[in-house]
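> Take a look at this one; I'll ask things after.
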Amino acid sequence: MAGILNKLRNLDAYPKINEDFYSRTLSGGVITLLSSVVMFLLFFSELRLYLHTVTETKLIVDTSRGETLLINFDITFPALACSILSVDAMDISGELHLDVKHDIIKRRLDSNGNTIEARQDGIGATKIEKPLQKHGGRLEHNKTYCGSCYGAEAEEHDCCNTCEDVREAYRKKGWGVTNPDLIDQCKREGFLQRVKDEEGEGCNIYGFLEVNKVAGNFHFAPGKSFHQSGVHVHDLLAFQKDSFNISHKINRLTYGDYFPGVVNPLDKVQWSQDTPNAMYQYFIKVVPTVYTNIRGHTIRSNQFSVTEHVKSSEAGQLQSLPGVFFFYDLSPIKVTFTEEHISFLHFLTNVCAIVGGVFTVSGIIDAFIYHGQKAIKKKMEIGKFS
């Protein structure tokens, strides 16, 4: 047993020195104090990193199919009335969403940007007590009203009872309403008068669109849109105006849900129009993104980059459709962010490295100073006796 203990004693890599042989110096005390401070600072820094999460980033090929893209927007047009503003969306697959109204809210704004809470309907409307019937004559008592669609009926028994019904029927036919006063429903509702009454008002439009996950565009423009001979057209003649001010401020624009660290480059972007008409275009590259937090909850969203371009034209010379257009394309690369903790073994390894490294470096510095002082002192003594 004693032999085994002697063998273990011979394996001791840390031989002990009698305290009588220790030589304590002032420089050694200062170095010990400084190294202890440095050691504790590095330890607490490593402890903070261990307690907090780190985010690992990876780039992979996006192989997802059949998904949809959620577009959230909040845009203010300070000089474009809500009654003439419409939203359209389309993509390269040929799918069209014209004059989108569901999941979208419009707020009328006065010239100072304040929200107009309520407005009486039909202000300035011409009073027609008896609406014009589809088959001639005026509406009498005990009769069901059926307004004419002015040749735009899809079927013979179709009725257009409001100005909006007539405009929608014309849109489906690919026609434009040139003079609303020639349409009984629009004249009765005071369509042109309402547009004039809202002159100088602005509009805050917000909501979301859910579109196919393919390249496409959505835009905000005056007039009701329709397709004519394969061309996307907006009915601007109905408003009898030569220019449209599309100055705008993008309060918020996101492609998907929020996740920590996301930066949306178009938030709070503002543009003022200095020509009678303009088409403002944003070209957006959407990057699919997956964010997984420390609890394992996954958020599937998108990031994007953007470039801008504007086309201007003079009054009465509409070379392009006035409006704000967002053209988007999708990147084939997906970015994944994963929150995770540093493992305890990794933390323990770093702590040992800190303690051992600081201890070794401080020992080297102390030995250098000690032997330097000793050599200088020895030379001074030799010089004194010579």
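Cβ atoms here come from the backbone N, Cα and C positions, even for glycine.
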> Would you mind telling me which of 21-44, 261-284 TrEMBL tags as transmembrane segment?
21-44
> What does the DSSP secondary structure composition of the domain 'Endoplasmic reticulum vesicle transporter N-terminal' (8-97) look like, as residue counts for helix, strand and coil?
35 helix, 27 strand, 28 coil
